[in-house]
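So that you can see what the record holds, here are the features copied from TrEMBL:
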- 136-170: repeat 'PPR' (REPEAT)
- 171-205: repeat 'PPR' (REPEAT)
- 206-240: repeat 'PPR' (REPEAT)
- 241-275: repeat 'PPR' (REPEAT)
- 276-310: repeat 'PPR' (REPEAT)
- 311-345: repeat 'PPR' (REPEAT)
- 346-380: repeat 'PPR' (REPEAT)
- 381-415: repeat 'PPR' (REPEAT)
- 416-450: repeat 'PPR' (REPEAT)
- 451-485: repeat 'PPR' (REPEAT)
- 486-520: repeat 'PPR' (REPEAT)
Amino acid sequence: MNDSEWKANDSSSVALEKFKRDSVYIDRSGKLRNFNHKKVSRKKCGSLRGRGWKYGSGFVDGIFPVLSPTAQEILDFVDKGVDSDGIWSSLDKFPATLDLWDDIFTVAVQLRMRKKWDSIISICRWILLKSSYKPDVICYNLLIDAFGQKLLYKEAESTYLQLLETRCIPTEDTYALLIKAYCLSGLLEKAEAVFAETRNYGLPSSAVVYNAYINGLMKGGNSNKVEEIFQRMKRDACKPTTETYTMLINLYGKAGKSFMALKMFHEMKNQKCKPNICTYTALVNAFAREGLCEKAEEVFEQMQEAGLEPDVYTYNALMEAYSRAGYPYGAAEIFSLMQHMGCEPDRASYNILVDAYGRAGFQDDAEAVFEDMKRVGITPTMKSHMVLLSAYSKMGSVNKCEEILNQMCKSGLKLDTYVLNSMLNLYGRLGQFAKMEEVLTVMEKGSYVADISTYNILINRYGQAGFIERMEEFFQLLPTKGLKPDVVTWTSRIGAYSKKKLYLKCLEIFEEMIDAGCYPDGGTAKVLLAACSNEDQTQQVTTVIRTMHKDMNTELPVSLV
């Protein structure tokens with residue numbers, strides 16, 4: 001690399017040297033421009049994210065609990081990983097004062113930040129069962145929240161009933177947390193019943209309740225119902241908040257619908273709802289997932305113009321945009337800019353940069369960043385090793401990939417199905433079927449669970465190599481493994497016959513696929529069209545897929561059909 005390029009293994013000096021000129025960044029045309037200091041913070045790690053407790057419903061932006069010596073002592077003891085009896089014994093030693101009451105809930109906020117649900121449950125149960133304190137609604141709300149997060153909906157429900165029995169008056173936060181608990185467990189009918197109960201108690205439509213409902217649906221894997229609840233919220237004349245719009249932007253971004261995320265952002269501004277740093281970061285992420293780095297950078301600039309300070313999450317999102325777009329050195333420049341502006345890169349920052357170089361085929365640069373991450377004291381995780389493995393796998397470097405696997409084992413990381421699937425795919429791509437079978441044997445004899453992705457790789461690799469019988473053997477094995485073929489399975493199978501121009505066989509499998517309740521995607525359309533040998537066959541396939549696309553409203557690319 002020449003002097004103008006970023007060097008991963010010397011980030012602390014080279015990155016700053018590159019920016020001796022007053023802060024610069026890459027504009028939409030790929031040129032370096034001066035950065036406006038008035039719009040970017042030099043505080044370490046950028047802006048603070050909200051972490052203050054609001055009556056059990058969540059955190060309030062910018063409020064951090066300050067720990068007293070007693071609270072710190074309690075937190076340090078809990079952090080040692082003691083069981084409930086140990087926590088109870090520790091709390092019994094303190095005199096029952098109002099100060100201790102405040103300290104306990106300050107500790108609970110800290111524990112919630114760290115998602116230490118078991119510890120929260122232990123502390124709240126001590127208040128209920130052993131202490132001389134009379135529990136209030138915040139205590140019950142904390143318990144409902146903790147049980148909900150652990151998918152213990154019956155315990156959350158029992159806590160709510162206990163609250164009522166003690167004649168403690170539930171708040172909107174109580175209902176919000178109970179609705180969320182049911183949504184996380186997939187019990188949408190119970191969630192809807194609680195929502196109806198809020199009306200029976202005469203509580204007005206509340207953004208707190210609606211936001212919890214939407215959040216629970218998203219985290220519980222029922223995102224398809226979010227839009228319905230959002231529209232109901234607006235019909236009820238309940239004004240969506242910044243949190244509401246941010247969740248919707250996140251939802252659409254993760255679904256690969258950046259245009260809808262942007263639509264939500266515009267609606268938000270038209271409704272005079274002020275975006276915060278999380279909102280802007282969510283929108284940057286939405287564009288990043290689709291590799292739309294120019295759009296991502298536009299949002300990044302708008303955020304600064306709004307007076308908000310980029311934090312590590314925002315920088316990471318912008319790096320991801322350049323990575324997905326195939327511009328690794330753009331991602332490296334953002335990494336250097338982040339350091340220059342006093343925002344410390346985290347593990348995710350390094351992983352994104354390793355992945356950016358790996359995607360572009362620069363495996364040496366990817367490994368240099370990986371080594372730099374270790375040099376600065378950040379321990380590589382499974383994700384870190386996987387992005388490096390992917391970089392060398394892309395180049396077909398079997399020996400290096402096997403070396404990385406050995407490193408993972410030596411580091412105490414337990415290999416999982418995803419890692420072994422990656423090796424399975426690498427061996428298959430290179431035609432090393434004996435090694436591929438060895439990996440499969442290891443998976444079957446070990447504690448690993450071969451999933452549908454495992455068999456999709458086997459079916460695809462054997463099919464593409466022309467080993468039709470072996471491919472069909474693995475396909476027939478699926479029911480015995482309790483696995484159901486998905487669109488990738490069927491498409492891979494059709495693709496094997498498509499390569500041989502066996503048009504009628506492809507149609508036969510396509511009909512099996514539809515009968516099995518699995519519907520085609522763009523990849524299926526491609527392999528079916530590839531099987532065609534004349535215009536009549538092409539027209540027949542085109543007609544069938546266009547009809548299905550129209551009837552099912554599937555996302556088949558029109559250009560393919």
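Each residue's number is its place along the chain shown, starting with 1.
Glycine too: its Cβ is placed from the backbone N, Cα and C atoms.
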- Message: Do any residues, 6 or more residues outside the repeat 'PPR' (241-275), come within under 8 Å Cβ-to-Cβ of it, and if so which ones?
- Response: 58, 207, 210-211, 214-215, 218, 223, 226, 230, 233, 282-283, 285-287, 289-290, 292, 295, 306
- Message: Do any residues, 6 or more residues outside the repeat 'PPR' (451-485), come within under 8 Å Cβ-to-Cβ of it, and if so which ones?
- Response: 417, 420-421, 424-425, 428-429, 431, 433, 436, 440, 443, 492-493, 495-497, 499-500, 513, 516, 518
- Please list, for the repeat 'PPR' (486-520), how many residues fall into helix, strand and coil according to DSSP. 26 helix, 0 strand, 9 coil
- Note on the structure: Whole-number mean pLDDT, the repeat 'PPR' (206-240), equals 92
- Using a Cβ-Cβ cut-off of under 8 Å, list the residues of the same chain that are 6+ residues beyond the ends of the repeat 'PPR' (136-170) and lie near it. 55-57, 105, 108, 112, 115, 117-118, 120-121, 124-125, 127-128, 177-178, 180-182, 184-185, 187, 190, 201
